[in-house]
Ligand SMILES: O=P(O)(O)OC[C@H]1O[C@@H](O)[C@H](O)[C@@H](O)[C@@H]1O
């Protein structure tokens, strides 16, 4: 983001933070709490690539994921903005699938709060962080502030989008979260019943009828206006609870055996240990008028 438009320094609340941790190394930020929880975020795409609770990794990261900035990360939490999927028409048509946010090197704005039980870091992205080609593809003046907040048993991600120009723009935004799961064959997802969805596999639309949705094959569904919390259960036991604020939609994705066709997906049967539960605003365009701000967040609880 342009220096003049960056948020002013936010006073850091360090009450009781003697043992918590914030580390910056070359291309990534590491957060940790005195109780052992940690998270790791690359500047590339501001992609969260690790979240550890109770000594266990909670995010799936492909063992073939490319982390050097040359392509989006296969795993963790890539950021989707300003378009979800690939547009064939309209102002986002020139952009690649899922937009540019996951492709850019974000700026570290700093640690914005810290206590013994939580720590937050903010990243910024603006037109000056885009390549000349990306600027041509989407020539709007915008400012993004992305916050990652690690607490003892939850990870919150929050996006603030500002229109800093004189032209209105439309956008989609989504947290493309790859959750690590013990076995997809024992998995169910609840909280979607009664919600309309578009299935990208069968190219059809339907209303979800299942209370506890199993995943037994490729799934790629965009659930619109999901009213409540979505829970991921393993063998009937809740393992993740996903709450959303101002993010009305949820995408459920697992490529199943199609994963073997992705050069950066590994191991080949890794799809058994992942499910993407993606909180976003993607089923319709959101309009942002000049000098207006939009904010949305999601919190994943263990
Ligand atoms: O391979 P990509 O660009 O990271 O996209 C992965 C998947 O992302 C999901 O969000 C989409 O619904 C899928 O259609 C897509 O295949």
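Each Cβ is built from the backbone N, Cα and C atoms, and glycine gets one as well.
Curation plays no part in TrEMBL annotations; they are all automatic predictions.
Features reported for this protein in TrEMBL:
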- 74, 97, 102: substrate binding site (BINDING)
- 176: active site (ACT_SITE)
- 278: active site (ACT_SITE)
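What TrEMBL annotates, mapped onto the structure for a quick look.
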residue : record                 : Cβ neighbours (10 Å)
74      : substrate binding site : 23
97      : substrate binding site : 12
102     : substrate binding site : 21
176     : active site            : 24
278     : active site            : 25
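Reduced to three states, the DSSP call for residue 278 (active site) is strand. For the pair residue 176 (active site) and residue 278 (active site), the C-alpha distance works out to 5 angstrom. Comment: substrate site residues 74, 97, 102; largest CA to CA distance 14 Å, whole number.
Apart from 74, 97, 102, the substrate site neighbourhood in this chain, defined by C-beta within 8 angstroms of the site C-beta centre, holds 71, 72, 73, 78, 98, 103, 176.
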